[in-house]
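> As annotated by Swiss-Prot, ATP binding site applies to Gln81, Gly99, Glu100, Gly101, Lys102, Thr103, Asp489, with the evidence given as sequence analysis.
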Amino acid sequence: MLKNPFKKKSIADKYQTLIREINALESTVKTLTDGELRNKTNQLKQRYQDEQNLNNLIVESFALTREASYRTLGLRHFDVQLIGGLVLNGGKIAEMRTGEGKTLVATLPAYLNALTKKGVHIVTVNEYLASRDQTSMGQIYRFLGLETGLIQEKMTTPERQRNYKADITYVTNNELGFDYLRDNLALNIRDVFLRPFNYCIVDEVDSVLIDEALTPLIIANSVKTCVDKYIIASEITDYLELNVHFEIDEKNKSVLLTNQGTIQIEKILGVQDLYNPRDPWIPYVINAIRASSLFFRDVHYIVQNNRIVIVDEFTGRIMPDRRWRHGLHQAVEAKENVAIRQTTEITASITYQNFFLVYPKLSGMTGTAKTAEVEFDKIYSLPVEEIPTARPNLRQDLPDLIYKDEFSKWNAIAKECQNISLVKQPILIGTTTVEKSEMLAQLLQEYRLSHQILNAKPENVRRESEIVAQAGKKGSITIATNMAGRGTDIILGGNIQFKVRKDLYNILVTYKYQTKENKKDSLSRSLQIFPLLKKLQRTSQKFLTVLNCLINNKQFLNLSDVEVLKILNESELIRVPKISYQCSMKFLINELVNFEKKTQKLDNVIVKNLGGLYIIGTERNDSQRIDNQLRGRCGRQGDPGKSRFFLSVEDKLIRLFGDARLENVLKSQLLDDLPLESELVTKILDSAQKRVEERNYELRKNLFDYDDILNKQRNVVYYERRKVLESESARIKILAYGEQVISEITSKLRRKKVFGSQLISRIRNLLGTKFLLNFPSSDLNNLESIDFQTYLLQEFWLSYESKILELEVEYPGIIQEFERTLILIYMDREWKEHLQKMSLLRDAVGWRKYGQRNPLSEYKEDAYKLFKYRGIVTRHLVIYELLRSSIL
């Protein structure tokens, strides 16, 4: 039978040869001892040094990683996971469903690329995931002779440097981006954290490169803030009426004052012009209106410890280090009557779009990338490959139900939970904001339905892993804001490891305190407190013996409760503990797991028979990817599951982006409390969602186009800066600057027809009286411009060298440090000024389209002029400072 030449190759077909070769090598690798397996790493490193070709090492390195994983973690990579590893190594995005083992897949390309000795970064969206993955997967790398690093928020400079020097480093996108910016503000090479970039794997790549693309990373300095104006502007909003004094654009989160509004505000303030540049009120007023009408508590932010903390709309997590720009954050602080912090000016900034493009080799993994593959390809040159599942997907996505209003929708959700809870099927409800999660929790309470809630509130965040892990438990109801980057698998019947760790923690802490207080019969007391111990007394006497020994271990008794909890949490990740009390705790956990297994297996079967986890979405998100992230929480690894979205006509997506067809259908068919289930409505909603996604893509593309211009300039500045930072002496740079400055000064003065003694006087004023100019002024008028420049250059060199010699006698070695630091300080200062100007230019250039001019072309042209001017000013300031400084 002839093959169809037009049939598209499946991903399995693409990598079939390599998979076959890796599998063929498996039996050989299995015969190697642990030492021989470890020695293979050095052999592969040497082969790379000789051949400079990683492709020749793929088969052997993947086979070694698979075997090391089995020996350390008891986990063997499936063939589909090998495919995922090959996709990642090829500089692509691997789309893998929830529960398919992305964390394990990343070990394959990470180990391979670490053989270059240039370092590998594995980027996660939060510290919990980075720490968890480094602890568990680090065992594989260490077994193979590689070092792993972990970057955490409060690490010192030496700790960061040590961890970045590891072969494979786990780090959050936030920490990595800020460390890059800090490196490019360092005044001494000893303070630099990062080595040159090599290879990066981004977990939840769509969250980082798409959802956070519009939010730049910013390092800023505080500047003087007019607090009173923010407070007064906030109070003024109480006297303004929507659509009378101002209009809002909810889609773009913008505000427009009407003429009546302008007059009203000027009257209240007692000023003649809100736009007066000497005493401007307009930015304060606009931000105050935006804060009161478009930014809401427990939706866009929470108030924590008398501070405004932004909530990430895509992940539902708080972002304590982020602040809104251009005075908006201060306006929200004034609205909430909390302390108003100072405004800032940008010192350094970069978007994730441009930051990750610094890597020579980049790849990513996520459960939801296919819907954004055009953007990944056009902006990042990252193709998306869908990885097949190890088992068939049994999830059932039910049609949306749409209700007349929000009241009917929320009541329907509560009733659905009530009905489902009767059969004990677990339910996970996804909400879009903190406010709605709290409101639904209150509603379920009225229905007397027991539930767990996970949102950005600190008291809930602390229990995140446990809440998510137990969402598959029989009869559980869990309310959670968006599920991106939660990182914990939901196991049907409940997660036995989390239950066991919680039970054992309570037992150990109670038992420990009783022992410390020298209470007699602490065991019998514990048996009364914990019924679980009574059951174990009948089945495992060894458990109680080990428990008794542990409680009498002095090292263990000196541990804090937090340290006990940390050891318990890491016990699942560490297969072979090294400390005696860790061994005892590992044994106790294993005993409890074996004891609970029978019950958990039974619950697992029951929940599967009930249909698995039931996902309820309470609103369609702006992006289909976010909806798919929620749906993807059920049906993991061949489990059953179902999902359904409950919607209302008042939902944001329908209200802002629905079209006339949808409105007509809904008005004609919707009745009180009765939902509409229609394929047409679902298609119209999909279409509305697509329009929002296209609009957001255009926003990100537009940002990228503009930011690309600034990024090219940033790359030039950072390259020049690094050369100065790494140089032993900046003397050549100083001399080059001097030549350029003198050339620029003389050319400018001659254009202004300044000659003779007047020329000498002007140059002395500019460069300082110490500048040696002994040339007879009578001869100056007869000199050509180029000859005069040569003379000035010679005098500059002589003046500068004489000062250096004097300084070296008094302060040996200081001049080199001084030269280098001075250049860096002025580079940074002028770059900061340049960023302010570019920001103003970006805001202003948009108006030029009304003059039939292309804003992007205009921006590019003006940006070049500003950048050129920045270079001139930097050179002049450095030379002026060197020649006029008292240190010289």
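The first residue you see is number 1, and the count goes up from there.
Keep in mind that glycine also has a Cβ here, set from the backbone N, Cα and C atoms.
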> Considering the binding-site residues Gly99, Gly101, which residue's Cβ sits among the greatest number of other Cβ atoms within 10 Å?
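Result for the most crowded candidate: Gly99.
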> Long-range same-chain neighbours of Glu100 (ATP binding site), Cβ under 8 Å, sequence gap at least 6?
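Listed in sequence order: Val80, Gln81, Gly84, Ile387, Thr389, Ala390, Arg636, Gln637.
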> For the ATP binding site, please report the maximum Cα-Cα distance among Gln81, Gly99, Glu100, Gly101, Lys102, Thr103, Asp489 in Å.
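This binding site's residues have a maximal Cα-Cα distance of 17 Å.
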> What's the number of neighbouring CB atoms sitting within 10 A of the CB on Thr103 (ATP binding site)?
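Looking across every protein chain shown, the total is 17.
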> Write out, in the order they occur in the sequence, the residues of the chain not among Gln81, Gly99, Glu100, Gly101, Lys102, Thr103, Asp489 that have a C-beta within 8 Å of the mean position of the C-beta atoms of the recorded ATP site.
Met96, Thr98, Leu104, Val105
> For Asp489 (ATP binding site), which residues of its chain lie six or more apart in sequence with Cβ-Cβ distance below 8 Å?
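Once residues fewer than 6 apart are set aside, Asp489 (ATP binding site) is near Thr98, Gly99, Ala469, Asn495, Arg636.
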> Around Gln81 (ATP binding site), how many other CB atoms lie within 10 A of its CB?
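Step by step: centre on the Cβ of Gln81 (ATP binding site), count other Cβ atoms within 10 Å, giving 26.
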> Only counting partners 6 or more residues apart, tell me which same-chain residues put their Cβ under 8 Å from the Cβ of Lys102 (ATP binding site).
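Expected: Gly84, Ala94, Met96, Asp203, Met365, Thr366, Gly367.
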